[in-house]
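The following features are taken from Swiss-Prot:
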| type | residues | note |
| --- | --- | --- |
| BINDING | Ser98, Glu117, Gln118, Gly125, Ala190, Asp221, His236, Met288, Arg298, Met299, Gly300 | substrate binding site |
| MOD_RES | Cys219 | 2,3-didehydroalanine (Cys) |
Amino acid sequence: MASTLTSKPQRLALFENSASSFYGTPLAPSSIRVQPTKAGAKPSISMSGAPSPPYDLKAFTFDPIKESIVSREMTRRYMMDMITYADTDVVVVGAGSSGLVCYELSKNPSVQVAIIEQSVSPGGGAWLGGQLFSGMVVRKPAHLFLDELGIEYDEQDNYVVIKHAALFTSTIMSKLLARPNVKLFNAVAAEDLIVKGGRVGGVVTNWALVSMNHDTQSCMDPNVMEAKVVVSSCGHDGPFGATGVKSLRSIGMIDTVPGMKALDMNVAEDAIVRLTREIVPGMIVTGMEVAEIDGAPRMGPTFGAMMISGQKAAHLALKALGLPNALDGSYVGGIHPELILAAADSAEIADA
């Protein structure tokens, strides 16, 4: 049977008539040169690509493009993403420090993950530390997650400090968005939930700017994303904060959202991880939104609980999907399961 060592990837039918190079610009063919050798010596073969032309910055010119091509390339890809993720495995609402750490989900290539973020710039409050300062404090043992990401820090006895919070956020974001089974829909808000038979089955979406201007127009209906599991990581109260648990309260699936209590770092971070859970069938709550629903203290500018809460939420989602996870011991990988195994009684409320 004949076989080939290389094969050209098949193009999607959608791109058959496109003149763009979806699979990348082909490299210039290499030239192979056989050097003459003396008798008995092995031939010497050298390979070199076509030389790159020198840049003339006084007469720099880009390759030409038709304006409509730019529009079509953006539109086609975004529309294909909307079609692909209209019915997905997991929707993560909120791409802050806890939501981004749900990148644990993306390690399983069979899990399709859509991330919805109302802001143009994902990251939530994790671009800075407290009071607009740049350093990010992470209490041990959450520094083990930073080791996994390869993020450098200044180590102290009980905590570590990243020189700039943006280093953490940009690193995890780049790792997450590079995965083929993840799509970030930023500038998109989750206005409501899909609920069927007492189970959350997705989210109702709209452009964030539309959500902010419903009172100025007569009718701007939303769109939907169905999902097997919804992870709500919308943060503490605010214009788009704690929207997941607020929606549950408005439709009667939970009774109250008492809001977070006064700051106590030592109580707060442990409580956030412990109380991260599937709050109603089909919906997991993580990060500071946990404090809103359970009346836990706020933690202030420490970020370890955000990271470990996000890890725990990811493995709760994997468990809900019937996939290997650290919670039941079926997961095989580099995670530190001791960080996320803290169980939570669904009726437990954190004390300030």
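Numbers run from 1 along the shown chain.
Backbone N, Cα and C define each Cβ position, glycine as well.
In three-state terms derived from DSSP, Ser98 (substrate binding site) belongs to a helical segment. Residues Ser98, Glu117, Gln118, Gly125, Ala190, Asp221, His236, Met288, Arg298, Met299, Gly300, recorded as binding substrate, reach a greatest CA to CA spacing of 37 Å. The separation of Cys219 (2,3-didehydroalanine (Cys)) from Gln118 (substrate binding site), Cα to Cα, is 20 Å. The number of other Cβ atoms within 10 Å of the Cβ belonging to Gln118 (substrate binding site), over all protein chains shown, comes to 26. Note: the CA-CA distance between Arg298 (substrate binding site) and the residue listed as '2,3-didehydroalanine (Cys)' rounds to 38 Å. Gln118 (substrate binding site) falls outside any helix or strand according to DSSP and counts as coil.
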